[in-house]
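Engineer: Pulled the feature table from TrEMBL, pasting it below:
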- 13-150: domain 'Peptidase S54 rhomboid' (DOMAIN)
- 22-43: transmembrane segment (TRANSMEM)
- 55-73: transmembrane segment (TRANSMEM)
- 79-100: transmembrane segment (TRANSMEM)
- 107-126: transmembrane segment (TRANSMEM)
- 132-152: transmembrane segment (TRANSMEM)
- 173-200: transmembrane segment (TRANSMEM)
Amino acid sequence: MGALVWDKVVHEHQGWRLVTCIWLHAGVVHLLANMLSLVLIGLRLEQQFGYMRIGIIYLVSGIGGSVLSSLFIRNSISVGASGALFGLLGAMLSELFTNWTIYTNKAAALVTLLIVIAINLAIGILPHVDNFAHIGGFLTGFLLGFIFLMRPHYGWMQRYVLPSSVKYTSKKYLAYQWILLAVASVLAVIGFAVGLSMLFRGVNANERCHWCHYLSCIPTSRWTCGN
């Protein structure tokens, strides 16, 4: 029905499943949990940056999560918008970094965001949770945040309210913002190119990284992890 299935994506050339799986869910509870998260995370971002930029980050992050998931998980079906949601979390983090000068409580905002991200990633080590989709979506959104969510720095935004005796820079964006944008753009293109190439060549990423499977599930006395 459009879920992410490695065999169908690679051997039956159904690459469209990398996109359609984002819109499917494994039940009502799964759907409601993700939509509640989308409201809590996406509402503020969309109000500040508009639906177009946030929509692009959401969709591309979901695809990034699907690609990484397919590289590591071959024997399970995966559905859900979690990768796209983690992309929004990643974008919030990079937005904080690239727009650092306009925030007042920088440390509090950074610590709070890191705690939220860590808790959600930790939940992903439970069985039947596709944490590779979470990680792939987060990394994609983190890079896209530098590209799409750059805002004018504090000095530029305050230029009309500062006293005439106070000098301000005429540059709308600072040099480090452009550097972060350039680096993130290159990494995003390379990441997608390498990931898609490996996927459609049938590469099993577990053979390249023998410990990475622990990122998605850690076996304990209470449960075991499938392949």
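The backbone N, Cα and C atoms fix where each Cβ goes, glycine too.
Curation does not apply to TrEMBL; its annotations are automatic.
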Engineer: DSSP says what for the domain 'Peptidase S54 rhomboid' (13-150): how many helix, strand, coil residues?
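Structural biologist: Going through the domain 'Peptidase S54 rhomboid' (13-150) residue by residue, I get 107 helix, 1 strand, 30 coil.
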Engineer: Give me the stretch from 55-73, 107-126, 173-200 with the greatest number of Cβ pairs under 8 Å to the transmembrane segment (132-152).
Structural biologist: 55-73
